[in-house]
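Participant: The domain 'Peptidase S54 rhomboid' annotation in TrEMBL covers 30-180. Among the features that TrEMBL reports, region 'Disordered' is placed at 232-264. Taken from TrEMBL, the feature transmembrane segment covers 74-96, 108-127, 147-175, 182-203.
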Amino acid sequence: MINVGVWLKLNNRGLGYGDVGLSYEKILAGEYWRILTATFSHISFLHLIFNVHSAWSVGVAENMHGSGLGEAAFVNYTILLVVLPQLLVMGIYHILIHRFGREEYRSVTAVGYSCVVFGWMTILSQRQPSMQLSLVGLHLPMNLAPFGSLIFTSMIVPQASFIGHLAGILVGYLISWHMFSWMDIATTVNMLIWIGIGTIISLKQSGVFLPWLQFHGRSVLCWKSSQLPHTGQAGSQLPHTGQVGSQLPRTGQVGSQLPHTGQV
């Protein structure tokens, strides 16, 4: 699975929350690519096991053609659950910071696939309430699964992001109430294309070195030929961009000193 492969890669390279996690201040700095990297990244092995097991349990939705949850709907809704809960979390952080003066939420950094998992638990709790969810040896009625899992996760992973899990549940309710039933394959393909383009642009603009991609002018992307001369070490030729972390040493670690971390 993607999550396991990413976890192995992160551990092999010694990367942490600050390198791939999502935070309010990083989004303000234009590092929108973190919406994707945070979703598929895990730092804690226990957190990874919990999410992989839960994702496998809710994967039965792929075959629920009778309830309107076939493979196409599964893909569509999973894409929504990758993006929308993260945006909702950033909106909640914005309110907490600017309305209630909770400045600590500027640097809270979160990772994990739990937004997607909790979203699917919520969808199934509405579409198939008679089902049972297998959760690390426990069998929960599906209509209790989202909030039961929320309590269980808070117990075994103290750093878990309550707001992140709650955002996944809220988006899951919106999906189960047919708010996105208009999505079809063409919409999904277009969404994936724009997500990919936005991710690449934000990577380049935030100073991440991509040796296979160059900007020419303001908006044209050009793939680099293997015959082009090597440009040097990652980030060594990049001008100062004013982005958060641009003054850090050339280690590839971005924001690794952030004090607050959370697992989504």
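Counting starts with 1 at the first residue shown.
Glycine is no exception: its Cβ is also placed from the backbone N, Cα and C atoms.
Caution: TrEMBL annotation is automatic and unverified by curators.
For each listed feature, how buried is it and what is near it?
Facilitator: If one looks beyond the transmembrane segment (108-127) by at least 6 residues along the same chain, the residues whose Cβ comes under 8 Å of a Cβ in the stretch are 3, 17-18, 20-24, 26, 38-43, 47, 51, 54-55, 58, 61, 64, 67-69, 77-78, 80-82, 85-86, 89, 93, 133, 142-146, 149-150, 153, 160-161, 164-165, 167-169, 171-173, 175-177, 255, 258, 260-264.
Sequence-distant contacts of the transmembrane segment (147-175), counting only residues of its own chain at least 6 positions beyond either end whose CB sits under 8 Å from a CB of the stretch, comprise 44, 46-47, 50, 54, 77, 80-81, 84-86, 88-89, 92-93, 108, 110, 112, 114-123, 126, 133, 135-136, 138, 140, 261-264.
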